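Have a look at the structure below, then the notes.
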């Protein structure tokens, strides 16, 4: 008999049988070896065949293993094994059976039939396990479905639907699918398209995360519950698993063979199956090699003839990129657009999913948490879609509470650390013999006893609370299972089981759950098992860096005294500090316009008066770091062509992939202070970009992504009108000076730009009185640097006044002061430190002598 007439699976099994015989030192390959190999083969057909025929496979395996152990072992043959006469006879019988069935190739299931028609040890074992020729013959007919074995890969194509699809209706029956809330319009539209005579293939298109897959799951649940028109009743929804279809298809044509097997199986089902292809665009080009046909082209004939009932799902971008390019494939599908649900719909969806997440995380999700998840995610996460982002928020909040429940409470942890500390001290004191140590040891023992008693009481309480939570969880799991069983009983019409569950089991479990939950609420001291809006806000704050969590009293106090904090760094600019503080307070109190930035300001004034310093102080106040400020020097954007660097180069230009200078910074940190320094030096086209930011709080970058600026503070600084400020300082009050400066500003900037800014703030020139305070701030930084090297420095009042005089320049503001400190203090100090005149550890005093500042110890 020619071995190339065996199917590829049968050939592999024969090779495995040879390896088995070699490994066991048997001289011949017996039918037992081949049967063992066939039963252990991955993706083989013999094991499923025997199982479907009702044969006891476990017993058969055990008998074969024992028989193999009894076979004679021969050593020193040098790895030479031959097929036994019995195996050759059985294989010839297989050939005869294949010819009788008009098969071109011999498939592995015929081996079972041949063994039963033969006589031998294996025949007796099969019969003992319950196999007969008639039973196996019938099982083979059922499995083949009337097909002939016409090619070597025929066995791989068999049961293709079972191998390469997931039965969603079966999962719906078992209650494994999440409930689908709302989306009635989309499900109805999908059913409507499926009911058509031709082109009855809907494709669900929408943004990622809006619930396209959920709609198909909802359809499967409706079919199971019988809530569909007559034409769709008793149909099955199968989801095509593209991963397993492509995985392992090493040779050319293997993928097409598998897909053909799926399509053949579908055509045999005669319209009783709806095939769901998630990520439909993956079918276009899938399996396409040199001259090979891709999956999309193989689907076209089946779709056109109506043999294939298909539901696709893909995103808008991928539909445009892949499906629309292939007009022949596109016309065979009917589009069903899935829009993002509203916040109200999302709240309803979350309420429906609540029980599943409570069961998974073993927590209780409150209704305010659900409302907060929908509203906060809608407002603060702009680059993702509802309901996906809201579900993720609830999921992660539940996960964080579960983590806290599983770890030791903080109070217990603190006590444990204290006990360890006391025990260490006790061991040390035991070695001492003086009276003071003995007295301390007695006190220590008393404290240790008390702490250990406290610890054991707390631990008992913690364990009791955990046990109570576990009990509640078990009741919830039982209740969920009872509801699923009730649904299954309703479908099959088992009235006795339904009444037992509906009027007996479920009410009893609900009563137990209510009692356990009430008890839980009274007794819980150490553990938290409730997800509230606070946890949801904390998760969102961790994701985005935007502080949306409820303000603690300490933060409220901090916001109320914000001006004092900012004045510690910015001297003398009361109007500017007040304007910025009010904007931040409005935002944190939730009163600011949700569609605009927190605040947008134009700071005007001479150089060196604190415009940039105020931005740094604000960034430090909000984020505890100067680095949280996005600083863009607008003098870099003087040319027209450099404007595109802010939002990123357009498609086709170099640097398109890199994104924009401004947009990327804000996309990564949506909550930040943006400083546009020296804004009047920028090209006028820059202001066209800024109009969108200041008015709508959004900007579209070069790649078409919308960047959210609603949680940023936009500050622009400019020197416009600084000469007028210098000129009229002291002669005019603040409002008059602002009017004069605004005349200059309105000539330089367009009205629509000025109109969108929240406030234009004019900074005053600095007076002599201000410079002494600024000198103190600058010197504090110097003192810190010297402290690190072991020097303690103080300055006398005359020296401070001398510095103020030396650094005063009404034109240049506070910057000359920095130079004065460098020349008068830092330079002499550096020389004295290096020459060894100043000794670390001895205080240093800075004083004035002969018109110079000197350091004395």
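Quick reminder: no glycine exception, Cβ is built from N, Cα and C everywhere.
Feature annotations, courtesy of Swiss-Prot:
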- 206, 207, 208, 209, 210, 211, 212, 213: ATP 1 binding site (BINDING)
- 605, 606, 607, 608, 609, 610, 611, 612: ATP 2 binding site (BINDING)
- 404-492: coiled coil (COILED)
- 3-146: domain 'Clp R' (DOMAIN)
- 6-71: region 'Repeat 1' (REGION)
- 83-146: region 'Repeat 2' (REGION)
- 159-340: region 'NBD1' (REGION)
- 341-545: region 'Linker' (REGION)
- 555-765: region 'NBD2' (REGION)
- 766-857: region 'C-terminal' (REGION)
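Feature map: annotations from Swiss-Prot on the structure.
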residue	record	contacts (Cβ under 8 Å, 6+ apart)
208	ATP 1 binding site	315, 384, 385, 388
209	ATP 1 binding site	384, 385, 386, 387, 388, 389
210	ATP 1 binding site	338, 339, 340, 341, 385, 386, 387, 388
211	ATP 1 binding site	180, 183, 338, 341, 349, 387, 388
607	ATP 2 binding site	719, 722, 812, 813, 815
608	ATP 2 binding site	766, 812, 813, 814, 815, 816
610	ATP 2 binding site	570, 571, 572, 573, 576, 763, 813, 814
612	ATP 2 binding site	675, 677, 717
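When each of the listed stretches 6-71, 83-146, 159-340, 341-545 is scored by C-beta pairs under 8 angstroms to the region 'NBD2' (555-765), 341-545 comes out highest.
Take the Cα of residue 207 (ATP 1 binding site) and measure to each of the binding-site residues 605, 606, 609, 611: the nearest one is 611. Put simply, of the binding-site residues 206, 212, 213, the one whose Cα is nearest the Cα of residue 609 (ATP 2 binding site) is 206.
Residue 206 (ATP 1 binding site) counts 21 other C-beta atoms within 10 Å of its own C-beta, drawing on all protein chains shown.
A distance of 55 Å separates the Cα atom of residue 212 (ATP 1 binding site) from that of residue 605 (ATP 2 binding site). A separation of roughly 60 Å, to the nearest angstrom, links the Cα atoms of residue 606 (ATP 2 binding site) and residue 213 (ATP 1 binding site). The DSSP breakdown of the domain 'Clp R' (3-146), given as helix, strand and coil counts, is 94 helix, 8 strand, 42 coil. Shown in sequence order, 315, 338, 340, 385, 388 are the same-chain residues outside 206, 207, 208, 209, 210, 211, 212, 213 whose Cβ sits within 8 Å of the Cβ centre of the ATP 1 site. Separating the Cα atoms of residue 611 (ATP 2 binding site) and residue 206 (ATP 1 binding site) is a whole-number distance of 47 Å. Shown are the binding-site residues 605, 606; the one with the most C-beta atoms within 10 angstroms of its own C-beta is 605. In the three-state DSSP reading, residue 612 (ATP 2 binding site) counts as helix.
Its Cβ taken as reference, residue 212 (ATP 1 binding site) is surrounded by 24 other Cβ atoms within 10 Å in the chains shown.
Mapped onto three states, the DSSP output places residue 213 (ATP 1 binding site) in helix.
Taking the mean position of the Cβ atoms of 605, 606, 607, 608, 609, 610, 611, 612 as the ATP 2 site, the remaining residues of that chain whose Cβ falls within 8 Å of it are 603, 613, 717, 763, 813, 814. Taking the C-alpha positions, the distance from residue 213 (ATP 1 binding site) to residue 605 (ATP 2 binding site) comes to 58 Å.
Counting every protein chain shown, 16 other Cβ atoms lie within 10 Å of the Cβ of residue 207 (ATP 1 binding site). In the three-state DSSP scheme, residue 208 (ATP 1 binding site) falls into the coil class. Counting every protein chain shown, the number of other Cβ atoms lying within 10 Å of the Cβ of residue 609 (ATP 2 binding site) is 26.
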